[in-house]
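J.: One structure coming up, written as structure tokens, with questions to follow.
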Amino acid sequence: MENHSLPKLHIAPLFCLLFLTSLVNCQLNYTFYDDSCPSLTKIVRYGVWTAISNDTRMAASLLRLHFHDCFVNGCDGSVLLDGGEKNALPNLNSARGFEVIDSIKSNLEKACPGVVSCADVLTLAAREAVYLTGGPYWSLAFGRRDGSTTSETAANEQLPGPFEPLENITRKFAAKGLDTKDVVVLSGGHTLGFAQCGVVKPRLFDFAGSGRPDPSLDASFLQTLQSTCPNRDESNSNLAPLDASSSKFDNVYYKLLVNSSGLLRSDQALMSDNVTGSMVAGYSKFPFLFYKDFGVSMVKMAGIGVITGSSGEVRKNCRVVN
């Protein structure tokens, strides 16, 4: 296994920023598992590293899973429960990584039985996925408890979609206590992974019912996409990369948006607004600014609607309630 020593140059200032933010839930604790499960980070990191080594797409999948968990009634591990959210349109046949969390949780149950919640496992796994693909490291507070319910309807209503206009997406973020900057920063998670062609094709062949491609798409990029996602039903499950370095966490995503080469309509929409467009331009030039802000926004997101104390439970199996 390669050496993944922590990048000391930018941890310290980021660590301080995270401690100072008022949006870290006061009931979460940075030392929550230090005594009860000291091997937590090692076990999760190895589980995520193994999964990414076997499938480079898994880093994006784990990050997306955490996002989809937190945006639906808070970061309570509800997306991991069978049924409910898993059957919602944004997750059905696209959400991945459940077996990775199962494996990590199984190893944690051997090392520290009944201690670490599934919500905390997923939160940490997302951080490790970013870190192990070259992205930033941020400190996490723990103590989330697992919820006992999962809602398909809530997932369909609360998760931002790839076809939604920017104002709708911003509104959904605001409902979770996240601002416009968080929209731009967390969208940068699309530096990892792929999208199914079925989601992309309306932009390529019949934008807004016009029978023509999205006029905002770069012509060369459009030609490449039409080759990857030809206009036939059997191509719907083909995969198109979200950016040109889809297995590495970097700021290429923002460079592509500046060049009118964002894969998803909801991504390219960030350039349609002066405020968000200016942020995109900044992150395209200054990767370390993006890294710093990404860690801060991820901590904010990881504090949405958390269950703590004696509420909820610590699931033994992340797929079912105890």
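Count begins at 1; order follows the chain as displayed.
Glycine is no exception: its Cβ is also placed from the backbone N, Cα and C atoms.
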J.: Just confirming the record: what cysteine out of C37, C70, C75 does TrEMBL connect to C112 via a disulfide?
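T.: It is C37, per the disulfide annotation in TrEMBL.
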J.: Out of H68, G74, S78, the recorded positions in the record, which is closest to T191 (Ca(2+) 2 binding site) when you go by Cα distance?
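T.: Among H68, G74, S78, H68.
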J.: Expressed to the nearest Å, what is the distance separating P160 (substrate binding site) and R64 (site 'Transition state stabilizer') at their Cα atoms?
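T.: The separation of the Cα atoms works out to 12 Å.
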J.: Give me the Cα-Cα distance between D69 (Ca(2+) 1 binding site) and H190 (heme b binding site), rounded to a whole Å.
T.: 17
J.: Please report the number of other Cβ atoms within 10 Å of the Cβ of D69 (Ca(2+) 1 binding site).
T.: 29
J.: State the mean pLDDT for the domain 'Plant heme peroxidase family profile' (27-322).
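T.: Its mean pLDDT is 96.
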J.: Relative to the Cβ position of S78 (Ca(2+) 1 binding site), how many further Cβ atoms are located within 10 Å?
T.: 26
J.: Given the recorded positions R64, H68, H190, D243, D250, tell me which ones have a C-alpha lying within 10 Å of the C-alpha of E85 (Ca(2+) 1 binding site).
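T.: Qualifying among R64, H68, H190, D243, D250: H68.
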